[in-house]
Amino acid sequence: MSLNTGEEQIQSTVSDALTPVSSRWLGLTVVLIATFMAMLDGFIVNVAVPSIQSSLHANPIEIELIGAAYSLPYALLVITGGRLGDLFGVRRLFLLGMAIFTIFSALCALAPNPILLLAARVGQALGGALLYPQVLSFIQLSFQEQERPRALSMWGAVNGLASIFGQLIGGSLITANVFGLGWRSIFLVNVPLGVIVLLGAWAFVFERRAPRRVRLDLTGTLLVAVGILLFLYPIVMGSNAGWPWWMVLCLPLALLVFVGFGWFERRATIRGATPLINPALFRLPSFVWGGLLALVWCASTAAFFFILALYLQRGIGFSALVAGLTFTPIGVIFIMAAALASKLIIRLGSWTFAVALGLTAAGTFGLLLVANASGKTPPAWGLLLFTLLLIGFGLGLGVPSLMTLSLRDIPTQEAGSASGVMETVIQLGFALGTPLIGLVFFSVIGSSNDMTPVRAQDVVQAFTQSLLVLGICLTILLVLVPLMVRVVGRTMASKSE
């Protein structure tokens with residue numbers, strides 16, 4: 001297969017000079033530890049907010065920005081991080097990103113005031129944005145096609161582990177209060193792990209880069225960063241800020257910037273330059289379909305975890321610890337499903353995602369019935385556990401099957417750029433899911449600013465209505481999967497003739 005880039009054809013073959021099998025899998029283990037660290041720090045800080053606020057005397061705006069200081073720069077820079085890996089080498093960028101992430105994690109732990117903590121969080125995000133897309137590039141460039149489903153299943157399991165257990169791990173570290181460090185331990189733990197990853201990557205991650213040296217598309221980098229900022233900042237901050245007019249204006253401005261970015265990238269390709277994102281990628285049906293499905297899938301996942309946490313604590317009265325432990329079955333079954341996904345992908349191909357959607361939708365509607373029947377009384381553990389296991393199993397199958405679909409046709413030279421695009425899509429999905437489902441949830445209970453006086457039965461009603469919306473969205477996706485399979489399959493058949 002080839003992608004027409006104007007002056008050249010980019011061949012989508014992986015080098016036969018692959019590193020030894022044992023080194024590849026050891027290298028994958030190393031980079032997956034870094035994946036866990038980068039993902040974890042997007043979630044773990046949530047549980048530390050009360051401790052940070054009292055320790056550093058942070059005001060509400062500073063507390064709100066502690067999470068955004070990581071998620072926003074991360075989303076802005078991850079596409080650029082992927083392209084830099086294409087230009088200068090996956091190993092080099094991974095080591096640089098890991099070093100930056102480790103140093104700024106230490107600075108987070110040492111921060112004496114909220115301002116320096118926010119600055120250190122931005123530094124963490126820079127390191128995460130440099131290292132994270134190199135992981136998918138490493139998988140794409142180091143493993144043969146038949147090996148990738150297994151590698152991507154491991155990647156999906158690690159991501160799920162970090163996102164589901166992030167708050168539980170953070171709460172355990174803070175509660176343990178080792179050496180009296182309190183909340184600082186959630187950042188300090190990254191330092192020894194970072195050193196171990198750096199040493200492991202130096203030994204087992206071998207260099208991969210594009211076969212020709214090219215220049216970084218600085219204009220494209222600036223345009224995509226501005227567009228993402230104009231889009232994400234209002235989404236993340238708009239609700240609490242009361243949606244002032246200038247935030248509303250940011251959204252159509254973001255659309256204009258993205259249109260300008262697409263025009264510029266197309267012109268760069270015609271001139272024979274190397275764009276930040278090769279427009280030819282969007283002529284790959286598998287990449288386009290995978291990206292669109294991943295956007296809705298990640299938004300639905302973020303929305304589900306958000307409303308489930310509110311339901312468990314405010315609806316049926318679970319403590320924060322018990323609510324956190326309730327997520328444990330989802331995490332365990334997620335990992336088991338992700339491990340099984342590689343075998344299913346080999347047998348079922350793109351239909352694996354349909355299985356994931358079916359299980360997740362069934363679990364969502366089942367949980368709706370269970371919650372509606374029990375009201376504000378905690379439902380029977382057996383019924384609650386069964387529905388959560390269905391959802392967790394579906395999520396575990398969905399992540400690796402989506403990534404396998406999205407990246408299977410990507411040319412070697414575009415692995416980093418494509419990985420950065422997919423990671424940005426994932427971040428956009430996570431960013432969109434919570435505020436969008438919040439419109440449904442809080443329309444029932446009336447306010448998102450003060451949950452204390454809200455009646456438990458109102459929370460349960462908001463939860464069931466939100467689940468109904470999520471279930472309908474998943475069902476629509478399920479209906480679209482056969483169309484996606486036909487389009488992608490037809491494209492692959494035409495290329496093989």
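Cβ from N, Cα, C; glycine included.
These numbers come from a predicted model, not from an experiment.
The domain 'Major facilitator superfamily (MFS) profile' annotation in TrEMBL covers 27-489.
Annotation source TrEMBL lists transmembrane segment at 25-49 (among others). Beyond its flanks by at least six residues, the transmembrane segment (25-49) meets 19, 63, 66-67, 70-71, 74, 94, 98, 101, 105, 121, 124, 127-128, 131-132, 134-135, 138-139, 142, 151, 154-155, 158-159, 161-163, 166-167, 169-171, 174, 183, 186-187, 190, 193-194, 196-197, 200-201, 204-206 of its own chain at Cβ-Cβ distances under 8 Å.
The transmembrane segment annotation in TrEMBL covers 61-81 (among others). For the transmembrane segment (61-81), same-chain residues at least 6 beyond its ends with a Cβ under 8 Å from one of its own Cβ atoms are 41-42, 45-46, 49, 52-53, 93, 97, 114-115, 117-118, 121-122, 124-126, 128-134, 216, 221, 224-225, 228-229, 232-233, 236-237, 240, 276-277, 416-417, 420-421, 423-424, 427-428, 431.
The transmembrane segment annotation in TrEMBL covers 93-112 (among others). Through the fold, the transmembrane segment (93-112) approaches residues 31, 34, 37-38, 41, 56, 81, 84-85, 120-121, 123-124, 126-132, 134-135, 138, 181, 184-185, 187-188, 190-191, 194-195, 197-198, 201-202, 205 of its own chain, all at least 6 residues removed from its boundaries and within a Cβ separation under 8 Å.
According to TrEMBL, the feature transmembrane segment maps to 118-139 (among others).
For 186-206 (among others), the entry in TrEMBL reads transmembrane segment. Away from its own ends, the transmembrane segment (186-206) comes close to residues 19, 23, 26-27, 29-31, 33-34, 37, 41, 44-45, 48, 90-91, 94-95, 98-99, 101-102, 105-106, 108-109, 138, 142, 170, 173-174 of its chain (Cβ-Cβ under 8 Å, at least six residues beyond either end).
Summarising the annotation, TrEMBL assigns transmembrane segment to 218-237 (among others).
TrEMBL lists 243-264 (among others) with the feature transmembrane segment.
Long-range Cβ contacts of the transmembrane segment (284-312) within its own chain (Cβ-Cβ under 8 Å, at least 6 residues beyond either end) map to 3, 163-164, 318, 322-323, 326-327, 353, 360, 364, 371, 391, 395, 398, 402-403, 405-410, 418, 421-422, 425-426, 428-434, 436-438, 441, 451, 459-460, 462-463, 466-467, 470, 473-474, 477, 480, 484, 487-488, 491. According to TrEMBL, the feature transmembrane segment maps to 284-312 (among others).
Under 8 Å from some Cβ of the transmembrane segment (348-371) lie the Cβ atoms of residues 293, 300, 304, 311, 315, 341, 379-380, 383-384, 386-398, 401-402, 405, 460, 463-464, 467-468, 470-471, 474-475, 477-478, 481-482, 484-485, 488-489, all in the same chain and six or more residues away from its ends. Taken from TrEMBL, the feature transmembrane segment covers 348-371 (among others).
Non-local neighbours of the transmembrane segment (383-405) in the same chain are 136, 148-149, 152-153, 155-157, 159-160, 286, 289-290, 293-294, 297, 301, 304, 326, 329-338, 340-342, 344-345, 350, 352-353, 355-364, 366-367, 370, 422, 488; each lies 6+ residues outside the stretch with a CB under 8 Å from one of its CB atoms. Taken from TrEMBL, the feature transmembrane segment applies to 383-405 (among others).
Taken from TrEMBL, the feature transmembrane segment covers 425-446 (among others).
Under the heading transmembrane segment, TrEMBL lists 466-485 (among others).
Spatially, the transmembrane segment (218-237) is adjacent to the transmembrane segment (425-446); three or more Cβ-Cβ distances between them are under 8 Å for residues at least 6 apart in sequence.
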